[in-house]
Structure formats: structure tokens, C-alpha cells
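To start, the structure itself, in C-alpha cells.
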Amino acid sequence: MTAKPTGLFINTLSMLSATLKNLKAGKLDHRFGLPILIVATVMAPLGAYAGKFIPHRIVLVIFVAFLLYSGTMMLFFRPKARKGGNHVVEGSLIGGIAGFLGGLLGVGGGGIISPALILLGYEPKKVASTTALVVFFSSLSGFLTYWRMGALNWELLFWVSIPAIAGGWLGTHLMHFRMSSEQVKKVIGVIMYLIALKTLLVALGL
């Protein structure tokens, strides 16, 4: 039971570090991220509670299929640049799904938000910055739900906090100052595959 809140805690700290870095660099679009943020934060606790009633393995298999599809699209598909559309409606829908599944699985939801927005044509670096902000709040919301349920190992949380913060800052720095948008998209694709592999191993009990 401690694995899910620990994962959410790591996401919370690493994405907080990334978001502060994005704010300092002036790379965060608040209006773009706000609809996603609000709905994802509301849905994350619902997902955490729903985990008591929904067969976990079935959800994991569906999530793996989505990750494999998203990773493949990130690596081999080039979506047309976004020129219009209602980002409030799209963002709210994506945020709701990501928040619910994030709370259900004990993840931040970034594995859903990033590929979905990029496949809709949004600029990868903008998506990554927005995802960091949204995942911070949705992870925090889910983590606090598990805290109220009493499923925490504070000693473990302490030891994972420092690398989580350092990793979030370093990854954001590399994205903004050392990588192109196309490289960011491909990195996200590789990460999708890695998350899918990890999730599949969990589903198989390995």
C-alpha cells in the first residue's frame, strides 16, 4: 500500500522543483495549464478512493496499452502544429482522465497529459512545462488522500525527497537549454515505453 503514496510523493517534489524552474525561466503558460490543473486536481482523490473497488490489474493493462500507443506516436508521428481549437474543453477532458487514473494507479498523470496534448499539436516544451505544473498539484492531491488513509512510510519518503527535487530541476534545465522540441518529444516517447514496461511488470506481479 505504501508504493502508491510514495510514487505520488516523488512526483509532487520533482514536479514542484520543475515548476519553480519553469517559473524562474518564464516558460510557464498559466492560462493554458489552468483548466487541466483544476480538473486533474479534483479527479485525483476520486481515483484514489476508486482504487478500493476497481480491479487494479485490469486498469494497469489498459494503461500499458495507452502508454505503448503514445510512445510509438511520440517517436514516429509528427502532428501538425496547433493553430486553433478550444484548449479549455480539451484540457479539462484530458486533465479529468489523467487525474482520475493518476490517483487510481498512484502516478502523477503525466503519462496521459503529455502525449495527449502533443498528439493534438501543442508544442512539446510548452506541454512539458504545463504537465509539470499539473502533475505537481494532482500528485499532491492524491498523496494527501493516501495520507488521510494512513498509508505512509515517512522514513522512506525522507530518503526519496532529495533525489526527487534534484531530478526535477536538472531535467527541466536540460529541456529548456540543451534540447530541441523534437528531442523533447522523442524523450517523452522513450519515457512512455519505460513506464509501460514498469507498469507491465507490476501487473504481472514481477
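Placed from the backbone N, Cα and C atoms, the Cβ positions cover glycine too.
All TrEMBL annotations are machine predictions without curation.
Quick look at what TrEMBL annotates:
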type	residues	note
TRANSMEM	32-51	transmembrane segment
TRANSMEM	58-77	transmembrane segment
TRANSMEM	97-120	transmembrane segment
TRANSMEM	132-150	transmembrane segment
TRANSMEM	156-175	transmembrane segment
TRANSMEM	187-205	transmembrane segment
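For the transmembrane segment (132-150), the list of distant contacts is 4-5, 8-9, 11-12, 15-16, 18-19, 22, 28, 33, 36-37, 40-45, 47-49, 95, 98-99, 102-103, 106, 108-110, 113, 168, 172: same-chain residues at least six beyond its ends, Cβ to Cβ under 8 Å. Taking pairs at least six residues apart, the transmembrane segment (32-51) and the transmembrane segment (187-205) share fewer than three Cβ pairs below 8 Å and do not count as touching. Taking Cβ pairs closer than 8 Å, the transmembrane segment (58-77) reaches residues 101, 104-105, 111-112, 115-116, 118-119, 185-186, 188-193, 195-196, 199-200, 202-203 in its own chain, all 6 or more past its ends. Within its own chain, the transmembrane segment (97-120) has Cβ neighbours under 8 Å at 3-5, 7-8, 11-12, 15, 36, 39-51, 54, 59-60, 63, 66-67, 70-71, 73-74, 77, 79, 82, 85, 90-91, 127-128, 130-132, 134-136, 138-139, 141-142, 145, 185, 188-189, 191-192, 195, 199, counting only residues six or more beyond its boundaries.
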